[in-house]
Amino acid sequence: MRITNLGSSQNASFYVACELYHQMLKHPHSVLGLATGGTMVDMYGDLVRLLRKNKLDVSHIETFNLDEYKGVPADHPESYNYYMHHILFDRYPHFSESQLHLPNGMATDVVAESKRYENLLDEKGPVDIQILGIGENGHIGFNEPGTPFESTTHCVNLTESTIQANSRFFENEEDVPRQAISMGLQSIMKAKRIILLAFGQQKKDAITHLAKGEITPDMPASILRSHPHVDIYVDDEAMPDCMR
Ligand code: PGA
């Protein structure tokens, strides 16, 4: 696992957009694991610009998103399905709906839906590059502290800290969904390569633990230390003091 300080979130976003672009260019049948959240906004903007300028054929790419809120319809502005369409898929219309995969947050049987998603991931995978953000509490996807390392796609109860952090995207904190369907830690670890992005002072403790702390389910991202190919790109603010 390597941690690289690229100085600013702009630099890191552009760098990772180029990595994704090159993956798709060199391997047109790539499977990409995608993430949502504030951290990813500039990276997707840069990726859209690269795709448009170079008119890349993406017709054989498949994408899998990490998670989706439970009980939020796909066309709701706060759903991750909406986020992905708004920020990437609809802005490069060469993507077609059949290539894009997210858990169905409206499924009535969440156990069956989790199984369907994991099976699809196994059938189409492995993911070539999995993009990750990280929560202040060390979550990846919606795998909150305490999630077993062997977890596959499952229904998650969000912690208070995640509800609070995500309330900035909603009008009121009460509107933040309390549950989500998320790839598990084992699902994430099946990817061939993982790229994690973390920006800002508020992510520094999580990155510090990831760099030097114990590998424990209390800090879900720490599992990444046992993956053979993980690159972490941070800005100045998120760089651990012990690595400066
Ligand atoms: P953020 O979320 O990019 O909005 O900070 C990251 C995460 O919670 O995984």
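Backbone N, Cα and C atoms are what each Cβ position is placed from, and that goes for glycine too.
Listed in TrEMBL for this protein:
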DOMAIN    26-225  domain 'Glucosamine/galactosamine-6-phosphate isomerase'
ACT_SITE  ASP67  active site, proton acceptor
ACT_SITE  ASN137  active site, for ring-opening step
ACT_SITE  HIS139  active site, proton acceptor
ACT_SITE  GLU144  active site, for ring-opening step
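Under DSSP, ASP67 (active site, proton acceptor) is assigned to a strand (E or B) in the three-state scheme. Annotated pair ASP67 (active site, proton acceptor) and HIS139 (active site, proton acceptor), C-alpha to C-alpha distance, rounded: 12 Å. Cβ packing within 10 Å was compared across the active-site residues HIS139, GLU144, and the lowest neighbour count falls to GLU144. Set side by side, the active-site residues ASP67, ASN137 differ in how many other CB atoms lie within 10 angstroms of their CB, and the most is found at ASP67.
Residues belonging to the domain 'Glucosamine/galactosamine-6-phosphate isomerase' (26-225) score a mean pLDDT of 96 in the model.
A separation of roughly 8 Å, to the nearest angstrom, links the Cα atoms of ASN137 (active site, for ring-opening step) and GLU144 (active site, for ring-opening step).
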